[in-house]
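Inspection log for the structure reproduced underneath, given as structure tokens.
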Amino acid sequence: MPKSLENTNETPKSFFITTLGCPKNTVDSMAMHQSLLKEGLLPAAGPEASDFHLVNTCTFIQDATKETIQTILDSIDIKKQNKQKLVVVGCFAERAGKEISDDLPEVDLHFGTGKYDKAGEILRKNFPLEFKDLTEFNEDLLERLTTSKGIENYSKPYSYVKISDGCNRGCHFCIIPNLRGKYRDTDSNDVLEQTKLAVKAGSKEICLVSQDTVFYGKDTDKLMDLVRSVAAVEGLEILRLLYLYPDKKTEKLLDLYREIPKIAPYLESPLQHVSKSVLKSMNRTGDYEFFKSLFQKARDIRPDLEIRTSFILGFPGETMEDVEEIIRFVEDVKPEKVNLFPYSPQEGTKGATMDGQLKDKEIARRVNLVREAYLGTLKTIHQNRIGKIYPCVVDEVLDDGAIVRRLQDAPEIDEVVYVETKDLKLGQFGKVRVDSFYELDMSGTWVD
């Protein structure tokens, strides 16, 4: 009979997960976390204290790949000091498994995407002597451990719940379908179960994520039904929808923003460009006028809503006229949050083989032109926030105050407000008055 953690004096092995990349990777790390617990491992306070250090990687763009490689090298240095097993998982492992095997012998094991919930089984199979025979966890204990340390950014007042994996869009700049495969829905019952578990563990905000949220069920009505079900979970305060592809499905989905007050006043819709010719080259739909209309509809439905979008500069064939069209859009529509990416050709994508490739220096120049335009509009946006009071949540408690986040801002990626009020609690809801701003973040006063 396998032993239970609560009826043995043996000390089980421990693990720590370092997570790189987007919130979708955080969800995958959570799946690994639960799988490792079920196999008898316990979470460690940091990689140095772990017996197994897992690095969940990202390789979406060139900068992400560089960060992944550096993190692996840093983890190898940690391993030399502490002798733990180093396991590289996720997108980079999927893409560069042979290179990891050939060039990084210090990596004890690597595996790609689609196996996160089997991480414990994979480690047990590959390192049988490292495992204690601990598999029968008390259910209450397992829930407590699931929300404890052992994974970066896990113990927060918000949680991410992934509703699908993979993508069918086929954007010519994107490597994701090669790494994660075709689009696959997560069963709605599993989405609800994950939401309930997160709320029970203390999360007040749930962020629904995927590579393509509006593709869920291949039918907007099914997605809307799912959103309604998640919003109805008892104890949930805020529901945030992320990664909404800018098309007619998103336009229809906006009706839920009027129907369900729990949905955060926040629209994240990555446009990637506004020039019709560049979008066509990217194998994407839409144009300047449709995007402008979409964002205006969102603001009409929820006047307190703020918009986050992203643009890729320097895609093959892009002209300065195309860049100027993005600048005009930023200055005309004034999305509150703009993320800019320099195009980097990804092996295995159509974009990498297209004519009209631009030099890195020219791409950087174009990024800077759009950034300057955005920072100009952001200054005006910030000035209009001064003196206004916003609902907010405490994301981090500091010695001399706290970091709070308006509901118009998503966790980890958007602006925060620094307040000097003490005795606030993590996850506490209240209101903040914006008093001043920096380039991106703000400072304010807790008023509730």
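Glycine too: its Cβ is placed from the backbone N, Cα and C atoms.
Here is what Swiss-Prot says about this protein:
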type	residues	note
BINDING	Cys22, Cys58, Cys91	[4Fe-4S] cluster 1 binding site
BINDING	Cys167, Cys171, Cys174	[4Fe-4S] cluster 2 binding site
DOMAIN	13-128	domain 'MTTase N-terminal'
DOMAIN	153-382	domain 'Radical SAM core'
DOMAIN	383-448	domain 'TRAM'
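Counting in whole angstrom, Cys58 ([4Fe-4S] cluster 1 binding site) lies 13 from Cys174 ([4Fe-4S] cluster 2 binding site) by their C-alpha atoms. Helix, strand and coil counts from DSSP across the domain 'TRAM' (383-448) read 3 helix, 33 strand, 30 coil. Counted within 10 Å of its Cβ, the other Cβ atoms near Cys171 ([4Fe-4S] cluster 2 binding site) come to 19, all protein chains included. Long-range Cβ neighbours of Cys167 ([4Fe-4S] cluster 2 binding site) (same chain, at least 6 residues apart, Cβ-Cβ under 8 Å): Cys174, Ile176, Pro177, Arg180, Lys182, Tyr183, Gln211, Asp212, Phe215. Every protein chain shown contributes to the tally, and the Cβ of Cys58 ([4Fe-4S] cluster 1 binding site) ends up with 21 other Cβ atoms within 10 Å. Taking the centre of the Cβ atoms of Cys22, Cys58, Cys91 as the [4Fe-4S] cluster 1 site, the nearby residues of that chain (Cβ within 8 Å, site residues left out) are Leu20, Gly21, Lys24, Asn25, Thr57, Thr59, Phe60, Ala64, Gly90. Residues Arg169, Gly170, Phe173, Ile175, Ile176, Pro177, Gln211 surround the recorded [4Fe-4S] cluster 2 site, their Cβ atoms falling within 8 Å of the Cβ centroid of Cys167, Cys171, Cys174, which are themselves excluded. Per-class residue totals from DSSP over the domain 'MTTase N-terminal' (13-128), listed helix then strand then coil: 64 helix, 23 strand, 29 coil.
Here Cys171 ([4Fe-4S] cluster 2 binding site) is positioned 18 angstrom away from Cys22 ([4Fe-4S] cluster 1 binding site), judged by their C-alpha atoms.
With the fewest other Cβ atoms inside 10 Å of its Cβ, the least crowded of the binding-site residues Cys22, Cys91, Cys174 in this structure is Cys22. When secondary structure is read from DSSP and collapsed to three states, Cys174 ([4Fe-4S] cluster 2 binding site) falls in the coil class.
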